[in-house]
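In TrEMBL this protein carries:
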- 95: active site, acyl-ester intermediate (ACT_SITE)
- 98: active site, proton acceptor (ACT_SITE)
- 148: active site (ACT_SITE)
- 254: substrate binding site (BINDING)
- 63-283: domain 'Peptidase S11 D-alanyl-D-alanine carboxypeptidase A N-terminal' (DOMAIN)
């Protein structure tokens with residue numbers, strides 16, 4: 001599970017070494033994509049305890065009572081793993097799946113395309129999209145991510161991939177590209193499927209990568225939006241991520257729930273110059289995924305403040 005992280009880190013180290021030790025008259029620069037990959041590949045599980053004891057930081061004891069089955073909390077700038085529980089273990093991810101669906105749609109699709117909701121994608125009757133409705137593609141991505149609409153995900157998958165199976169291939173190719181070694185996608189929305197799984201560590205990596213896409217970050221950071229339909233009407237959407245409405249500094253990103261996966265949340269917040277990413281999986285109740293995530297983020301910011309103070313004092 002950790003092998004992919006090590007492999008990518010070694011590959012990037014070779015690239016960086018070539019930049020340092022090439023001929024003096026050569027100037028080798030990393031591309032923005034190489035920099036992006038190098039940044040998200042940093043998963044540091046040792047540096048924190050070399051500087052301080054995180055167990056001594058206020059809020060640590062609260063973590064012992066969390067109901068979530070797995071989580072990983074990472075500082076973005078350093079890659080330091082602040083807290084994790086079963087972070088590299090495979091788990092079901094529910095609608096956190098839609099982070100990859102949105103990323104592929106943004107990278108591969110034409111955001112101004114018109115998409116109609118047809119019978120072959122109108123599958124889940126609890127969706128807010130309705131048969132015959134039309135959307136501009138970008139607006140449909142907003143609806144999918146803000147209110148976690150399942151049929152919106154199918155409509156995007158079919159439109160971008162040509163057919164849904166081709167889209168799943170694109171999702172899995174991207175996962176492999178990112179080094180998500182514990183991940184496999186079998187649908188675009190995270191509905192129960194034994195072959196749709198990931199790990200908290202892999203999903204943190206995906207979140208860190210996706211949030212470096214400015215459009216993706218804008219979408220998942222939107223608290224409320226009147227999403228227009230092509231017939232002139234609109235759909236009022238309020239983001240299902242409660243932390244966007246209640247947690248200071250929250251910048252996204254995605255909720256998830258099925259009976260199979262439990263209550264899940266991928267979240268990110270920025271305070272005091274630190275940006276943290278957290279993926280929490282299989283919490284026991286709707287509300288606890290938010291309170292438990294808030295407790296982890298609060299603890300994480302205290303840890304990174306203390307860590308930074310120690311480093312600066314050295």
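Glycine is treated like the rest: Cβ placed from N, Cα and C.
Distribution of TrEMBL features across the structure.
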residue : record                               : DSSP (3 states)
95      : active site, acyl-ester intermediate : helix
148     : active site                          : coil
254     : substrate binding site               : strand
Query - All-chain count of other Cβ atoms within 10 Å of residue 98 (active site, proton acceptor) - result: 29
Report task. In whole Å, note down how far the CA of the residue listed as 'active site, acyl-ester intermediate' lies from the CA of the residue listed as 'active site'. Result -> 7
Report summary line: Cα-Cα, residue 98 (active site, proton acceptor) versus residue 254 (substrate binding site), nearest Å, comes out at 8
Query raised in the report: Distance between residue 95 (active site, acyl-ester intermediate) and residue 254 (substrate binding site) at the Cα atoms, whole Å?
Result: 8
